[in-house]
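Novice: Here it is, the structure, as structure tokens.
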Amino acid sequence: MEIPTSDDESLPINGPKQVATVNDTEDLVDDEYHDEHLDGRIRRKVDLRLCTIAGVLCSLNLLDSGIISSAAVTSMPQDLQLTGNRFSVAIFIFTVASVCAQLPATIIMRLVGPPTFFSCTTVLFGLITLCTAFIHSWREMIALRVLLGISMSGIYPGLTYLVSAWFARSEQQLRFAFLQSGEVIILATGSFVNFGLNQLHGEHSLAGWRWMYIVQGSITMFLGILTFFWIPHFPENAAKTVKFLTEEEIEHVLAKIDRDRQDAGKPEPFTAKAILVPFLDPKLYAFAVLFFLLNLVSTALSYFLPIILQSGMGFSSNKAILLSAPPYYYAVIPVLLSSFIGDKFRIRGPVILFNAVCLICGFCMLGFPRQVTVRYIGTFLATGAYVSNWAALSTYQANNITGQWKRATFAAAISACNGLGGIAGSYIVRAPEAPRYMTAIWVSISSHLLMISLVLVCTAFFLRANRRARKGKGPIEGVIDFRYTY
């Protein structure tokens, strides 16, 4: 056998291995740089197209509460004969209609596509809001609020589903925080708008609260038309979205989602089984209870804050409308900060627990001291905590499931139970208990103590399941290498 020497160019000693290693390393670095650069560019595009309009559309969940809570301290109760518990019934019936329609609406959204669905529902929501300005009795208000609840039933679960479909699990909480930030900023700004519109009382023989519904209903209809051209399709259909992603970028998104949880691309054919089987998963009920407990408190605050400020703290009607805005502007800070930490360190449970403790402290400040300043500061702490937990809980459930129809079912079912919390929340602020509202205080504190306990139980379950999966005792969610995020 002839042993080649270093002068033999056909086979230099160790030469091919050295050259290949260098080239492979350079290619690997180039590929990593390309993927990182591409990933960043895609995130910016999706944030601009999806998270912006989703934040605006999410605000519709609070637009109604913002208008009706501001109108409640004007002449509306007298104009519509909202005596006794009729105001709470108006909130209750809206939530019941929304809860009943959420699962069908979310399924329809997946089948017809986001642009058509969100555009039509938003225009319809705006039209019904506009029509509310011209009613003259509480019975007419109840009828319109049933239609209002149906029209917006699919907005929040649909957006939760759509955002979770576009982002890897480690990116989701900050994106949900963007949605919540847009939502609360618009709600807070709406308080100032409502204050200004209330000054139009008597113009063209219309009460101030009617101007609130006219102007904001008209704006909503315009946003519905804009939505059709702005909001993107699901990732597998992203090529249908005008001036959005290139083919390379779409393939990159689908590959990233598949690596993360293996549920990118078109869903399996729609069947009743695909929707019903997820109801056998105990996680659905745990997440549903968490959202119920959260919305129990958020409804009490978002619908009744001006009333609490007026009847509970002694502010005038106009001041109550204005002072209900700052707590929501403040909420943007904790929701973005806590969500950034949650995504960076891939932690969900500890963030939820921290926010729950902050909410308990806020309600203690709101309920027990006598100083108005301390009580008002308590509304900041409580509002910031529950808004932050919207993003945290949305990510908590989206991170720990896989499958397109399962994701749709979870989003709708959880949003429905969230609505049930709204029904309960509409009754815990009781007018005879002014100025302290102790039922609302104790229910809110107790609900979040229960939330803390349930998150600890879920964390123990997720931790045990991950350990079993690492030992090869069966995959989680039927996906190899999938791990729960807690």
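A Cβ is built for glycine as well, from the same backbone N, Cα and C atoms used for every other residue.
TrEMBL annotations: computationally assigned, not manually curated.
Here TrEMBL flags 50-470 as domain 'Major facilitator superfamily (MFS) profile'. The feature transmembrane segment is assigned by TrEMBL to 50-75, 87-109, 116-136, 142-164, 176-197, 209-231, 284-309, 321-342, 349-368, 374-396, 408-429, 441-463.
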Novice: Can we call the transmembrane segment (408-429) and the transmembrane segment (87-109) in contact, meaning three or more C-beta pairs below 8 angstroms at a sequence separation of 6+?
Specialist: yes
Novice: How about the transmembrane segment (209-231) and the transmembrane segment (50-75): do they have 3 or more C-beta pairs under 8 A, pairs 6 or more apart in sequence?
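Specialist: Per Cβ check, the transmembrane segment (209-231) touches the transmembrane segment (50-75).
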Novice: Take the transmembrane segment (321-342) and find every residue of the same chain, 6 or more past its ends, with a Cβ under 8 Å from one of its Cβ atoms.
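Specialist: Hits for the transmembrane segment (321-342): 69-70, 73, 173-174, 176-177, 180-181, 184-185, 187-189, 191-192, 194-195, 198, 305-306, 309, 315, 348, 351, 354-355, 358, 376, 379-380, 382-385, 387-388, 390-392, 395.
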Novice: Other than its close neighbours in sequence, what residues sit by the transmembrane segment (50-75), given a CB gap under 8 Å and a spacing of at least six beyond its ends?
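Specialist: For the transmembrane segment (50-75), the list is 82, 87, 90-91, 94, 118, 122, 125, 129, 148, 152, 155-156, 159, 162-163, 166, 175, 178-184, 186-187, 190-191, 194-195, 198, 201, 207-209, 212-213, 216, 220, 223, 226-227, 230-232, 299, 302-307, 310, 317, 320-321, 324.
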Novice: Apart from its near flanks, which chain residues at least 6 from the ends of the transmembrane segment (116-136) lie with a Cβ under 8 angstroms of it?
Specialist: 57, 60, 63-64, 67, 79-80, 105, 108-109, 144, 147-148, 151-152, 154-155, 158-159, 206, 210-214, 216-225, 227-228, 231
Novice: Along the domain 'Major facilitator superfamily (MFS) profile' (50-470), what average pLDDT does this model show?
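Specialist: A mean pLDDT of 91 is what the model gives the domain 'Major facilitator superfamily (MFS) profile' (50-470).
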Novice: Should anything in the same chain at least six residues away from the transmembrane segment (349-368) have a Cβ under 8 Å from its Cβ atoms, list it; otherwise answer none.
Specialist: 173, 290, 297, 308, 334, 338-339, 341-342, 374-375, 377-386, 388-389, 392-393, 396, 436-438, 440-442, 444-445, 448-449, 451-452, 455-456, 458-459, 486
